[in-house]
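Chemist: Quick one: the structure is below, questions incoming.
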Amino acid sequence: MWIGVISLFPEMFRAITDYGVTGRAVKNGLLSIECWNPRDFTYDRHRTVDDRPYGGGPGMLMMVQPLREAIHAAKTAAGEGAKVIYLSPQGRKLNQQGVCELATNEKLILICGRYEGIDERVIQTEIDEEWSIGDYVLSGGEIPAMTMIDSVSRFIPGVLGHQASAEEDSFADGLLDCPHYTRPEVLDGMEVPPVLLSGNHAEINRWRMKQSLGRTWLRRPELLENLALTDEQRILLTEFQREHLTEATN
């Protein structure tokens, strides 16, 4: 997968290219990330990249000319078929379904805004989609872009040691993940659930699904509203709810 990034702070993306899962993906040639800095497309000695908005008001906007030239340079490098995304609070909120959709693209260009944003006409003429990572304000689009790169790259074949890791993540099937345990078997008096030590994989999978359904019901019940649960899942959820109620009243 190839990802182009337009950012005034390309150095920030070393966190993605040099470390962790994404760093290994880059090293192994599974993921390629290239950055363009709009400052490199300025023609004044101050390398100006911001300008005042028409109509007044606080703050500045990213200057059109260097931003557009950076976008065009990225598009040229990408060739045909690259989807251009602007990370914006006004965009579609990123969730696991959206990540899966984005992961089907071979090429993405991510535009990281700064200041008060970018000229609306640039959005209309250069941007294919706007995406947001949540209803809160950040100083720029770099962290949202890194979030998107990290989540999307997990679906590139070969990036994870076990592809099942991506398939079993929280939200992969619309549910939160189940609890996980490792050694020691007893920690401060708290024991690992016996079923996980049983070696019975059918029972382990059943327990994990029940915990996943129950955790979603407790923490993110709205997620269940959009899911078509199987008969088995309904039974497991009812079991969890009954057990939870019993524990709460004891």
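Heads up, the Cβ atoms here are built off N, Cα and C, so glycines get one too.
From Swiss-Prot, here are the annotated features:
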BINDING   G113, I133, G134, D135, Y136, V137, L138  S-adenosyl-L-methionine binding site
Chemist: Might you list, by sequence position, any residue in that chain lying six or more from I133 (S-adenosyl-L-methionine binding site) with a Cβ less than 8 Å away from its Cβ?
Modeler: L87, K93, L94, I143, P144, T147, M148
Chemist: So how far apart do the S-adenosyl-L-methionine binders G113, I133, G134, D135, Y136, V137, L138 get, largest Cα to Cα in Å?
Modeler: 16
Chemist: Out of G113, G134, V137, L138, which of the binding-site residues is least crowded by other Cβ atoms within 10 Å?
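Modeler: Comparing Cβ neighbours within 10 Å for the binding-site residues G113, G134, V137, L138, V137 has the fewest.
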Chemist: What's the number of neighbouring CB atoms sitting within 10 A of the CB on D135 (S-adenosyl-L-methionine binding site)?
Modeler: 7
Chemist: So how many other Cβ atoms are close to Y136 (S-adenosyl-L-methionine binding site), meaning within 10 Å of its Cβ?
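Modeler: Y136 (S-adenosyl-L-methionine binding site): 7 neighbouring Cβ atoms within 10 Å.
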